[in-house]
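Engineer: Have a look at the structure that comes next, please.
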Ligand SMILES: Cc1cc2nc3c(=O)[nH]c(=O)nc-3n(C[C@H](O)[C@H](O)[C@H](O)COP(=O)(O)OP(=O)(O)OC[C@H]3O[C@@H](n4cnc5c(N)ncnc54)[C@H](O)[C@@H]3O)c2cc1C
């Protein structure tokens, strides 16, 4: 079984964001980067499947600048076999169709049976790459999975809908699956595995060798939204802030008297 | 400008989000036609033509079949934009359609101005203005972003289709058992988010809930981590609540959480990140470390 996991490096969402000097994106300097949360579930599910099957190879692919190697190394330390880094210093300028095209061009002659991706990235949140990839490769695709079970030539998955309802779907391989929060519990890499990961194969491909698609969506401008007016901001000593909050609650709600 | 509006038929009803698509088309001054996979006798309150593919043939979930239907309709109606809700149905189908049409897709549109679309990014801390550069575009609209519009009764046009997709088998729904508290009836809800840090710290939030005679709620990561069970979750995939007082503790305010709680009468957020998007809806934003602040507040309330 050949398995591909696509991962993205994203900034910590608790960062203080600034707009880049060209006004098109966020300023990427001074940010802490990590694996996109949704992709962590994808990595974990792929590693679990490999452990269950024994005879599977799992490749992790990530597109981005040099620092992207960090997330691939972490994936290797969790149990992925091989890393592929598509070096692209301007990956943030690519639209979802271009990103999916890069992945499809890498994957097209490699006979992957299952491709796991996160359902969306935490920064862009377009939720498009998985389904577009399925169109480009001609694979089946189920999005937003919260349950996974492999059975010979098919997989049984649970697809999350609104209001806590799940759809049960059985789908033939090859298949693309986009992973939702809560699919599994992600493990931490252990020190011996971090050491082992250093010896694993990590190849770099230049993005120009894989991309033959123009953007279909143009970025015009990025900006910080205006703060909501009217909300009260309380800060300072916990003791004093608590008193203030209590008096506001007494005045503005019927909850406290 | 012409829009093809893709409605959803869920749990025996036309989903209300369809009327937000109608509101959007009206806002951009586009003429529109609707489409949905539904029983042939549905009656959308919409002033125009709605193509209906018989749900008993096309099935609730079969993206390849649904995509085929919409592609056929795009050919017939030649719309400039195809519009979905940013829902489990929309984010699954819209990109497949966009790829098949080689059209630009813009997800989670919250506003539009002269062909330029506004979308949030980085957990809604930032916004982007974008524009498709293809003759047709596919859009998904964020829920609640456009005011719904209802009007008369649509003219129904059955839309026939025969293709099957034997690669994929829909095997029914699984509905979570209703256990624990019914947050929809609670007057005071104190919710714990990932910012509480670990399972043991839920107790800090629980004590505050007790002091305020309220119920405990949670954001999704708290439930995913197994710190509280599913019945506590507030949001798109959890419960929609509207208490008199909602206190969000260590919750960033992702759209999927906001959707579930923004109708609350009075909202307090306790968060150490002043830029957290929960500030957008908070009446009072307490910029503090909850591990320090909440015990202080609780002790003053119980004194
Ligand atoms: C399809 C879909 C459906 C979803 N459905 C839901 C849903 O129903 N409900 C839901 O909640 N989410 C849902 N989500 C997830 C949602 O997108 C967010 O991931 C989630 O709401 C984030 O939860 P959080 O705010 O608790 O955590 P985070 O976003 O990680 O935020 C934690 C916050 O805590 C603050 N913090 C950290 N430490 C402290 C401290 N010591 N003191 C004070 N503040 C602190 C941080 O500043 C941060 O703002 C869904 C996502 C998707 C894609």
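Just so it is clear, glycine is given a Cβ too, placed from its N, Cα and C backbone atoms.
Copying in the features that TrEMBL gives for the protein in this structure:
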DOMAIN    B:3-174  domain 'Electron transfer flavoprotein alpha/beta-subunit N-terminal'
BINDING   B:194, B:219-220, B:233-237, B:250-257, B:271  FAD binding site
Engineer: Which state, by DSSP, holds residue B:254 (FAD binding site): helix, strand or coil?
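Structural biologist: It is coil.
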Engineer: When C-beta separations to chain A are restricted to under 8 angstroms, which of the binding-site residues B:194, B:236, B:251, B:254, B:257 qualify?
Structural biologist: B:236
Engineer: Minimum Cβ neighbour count within 10 Å among the binding-site residues B:233, B:236: which residue?
Structural biologist: B:236
Engineer: When you measure from the Cβ of residue B:257 (FAD binding site), how many other Cβ atoms are you left with inside 10 Å?
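Structural biologist: Looking across every protein chain shown, the total is 26.
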Engineer: Radius 10 Å, atoms counted are CB only; among the binding-site residues B:194, B:254, which position scores highest?
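Structural biologist: In terms of Cβ crowding, the pick is B:254.
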Engineer: Could you tally the C-beta atoms, other than its own, that fall within 10 angstroms of the C-beta of residue B:251 (FAD binding site)?
Structural biologist: 32
Engineer: Mean pLDDT for the domain 'Electron transfer flavoprotein alpha/beta-subunit N-terminal' (B:3-174), as a whole number?
Structural biologist: 95
Engineer: For residue B:236 (FAD binding site), what is the secondary structure state per DSSP, taken as helix, strand or coil?
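Structural biologist: Residue B:236 (FAD binding site) sits in coil per DSSP, no helix or strand.
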